[in-house]
Amino acid sequence: MKFLPLTFEKKRNLYCYVNAFFLAVGVSSLICGIWLYLEKNDFVELTPSSFSAQSAAGLCAFSGATIAIIAAVGFIAVTVEGRCLLITYTCFICLLILIQSVTGLTGFMYKSSTREKIRNDLMSNINRSTATTRAGRVIRLDVSWDHLHESLECCGVDGPSDWFKTIQWPKNNFVPDSCCNAAMFNSTNTHGCGKVGKSQLWYDQGCYEVFADWLFHHVHIVSSLSFVLIATEIIVLGATFLVLCSRPQGESERSPSEKSRSRQSSSYRYDAEQDLVMDGCSDGEDFDSEGGT
């Protein structure tokens, strides 16, 4: 079975479909980044800044916005048939593939070492009441700890005892009221339960494991999304090269039947011109002969 080669129009249409899918993936990455930023964002101050949920969310959102812009450039390039613009589009996609490959591999490679850093940061923050961001904003860490305890249903780093004799109560074995298990109470009011010394009312589980799992869940989403984007970008590259290597260039892009019809038309015009020349010559000879007589 003989397959007919794709025409330039069909290749361009294929490229547009692939680029539209690329744009959809980029928008999905942007939405995913916004979702990661909003989900349980109340205790990101307790996270290492170099490996935080905010970093993962920012990376997703940035990748999505960048892809949307590049995809728009791709549509413009194929519409105006700008070869230089298509080459620029291809270079940007290659750069994206490189960045996302490094990002995806980094997320999986440094998981074990980062877990210990998370634990150390939590232990240091448990003895601090405030923290200052790079922008100079002062954050109350006790509020962040309360959100962490209530959201993940945990207490302390490894357990409730991490709160004993901290700077909040240096002479007592107390825990924050947010460590109290709401299921142990008939009402939602747990005020003062952290200072009654009844550990059976508190969450037994420390926050380190569940917090690290929550954080790496976000990182795993970003790493997986990076590999999905890489696969999509490779397909886009293939469609782009297909268009770049088959741009119409006069006669070279016409089908054999069109070329044959063009040659036949040229031959007919040449024969017609020859007939006109011969008729002109015969008319001239007749005129000379009449003049001579």
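Glycine too: its Cβ is placed from the backbone N, Cα and C atoms.
Going by TrEMBL, these are the annotated features:
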| type | residues | note |
| --- | --- | --- |
| COMPBIAS | 250-261 | compositional bias 'Basic and acidic residues' |
| COMPBIAS | 282-293 | compositional bias 'Acidic residues' |
| DISULFID | CYS154-CYS193 | disulfide bond |
| DISULFID | CYS155-CYS180 | disulfide bond |
| REGION | 249-293 | region 'Disordered' |
| TRANSMEM | 20-38 | transmembrane segment |
| TRANSMEM | 59-80 | transmembrane segment |
| TRANSMEM | 86-110 | transmembrane segment |
| TRANSMEM | 225-244 | transmembrane segment |
Lowest local Cβ density (other Cβ within 10 Å) among disulfide-bonded residues: CYS154, CYS155: CYS154
Cβ-based isolation winner (fewest other Cβ atoms within 10 Å) among the disulfide-bonded residues CYS180, CYS193: CYS193
Integer Å distance between the CA atoms belonging to CYS193 (disulfide bond) and CYS155 (disulfide bond): 13
Recorded stretch, among 20-38, 86-110, 225-244, maximising Cβ pairs under 8 Å relative to the transmembrane segment (59-80): 20-38
Rounded to the nearest Å - Cα separation of CYS154 (disulfide bond) and CYS180 (disulfide bond): 9
Alpha-carbon spacing, CYS180 (disulfide bond) to CYS193 (disulfide bond), which is rounded to whole Å: 7
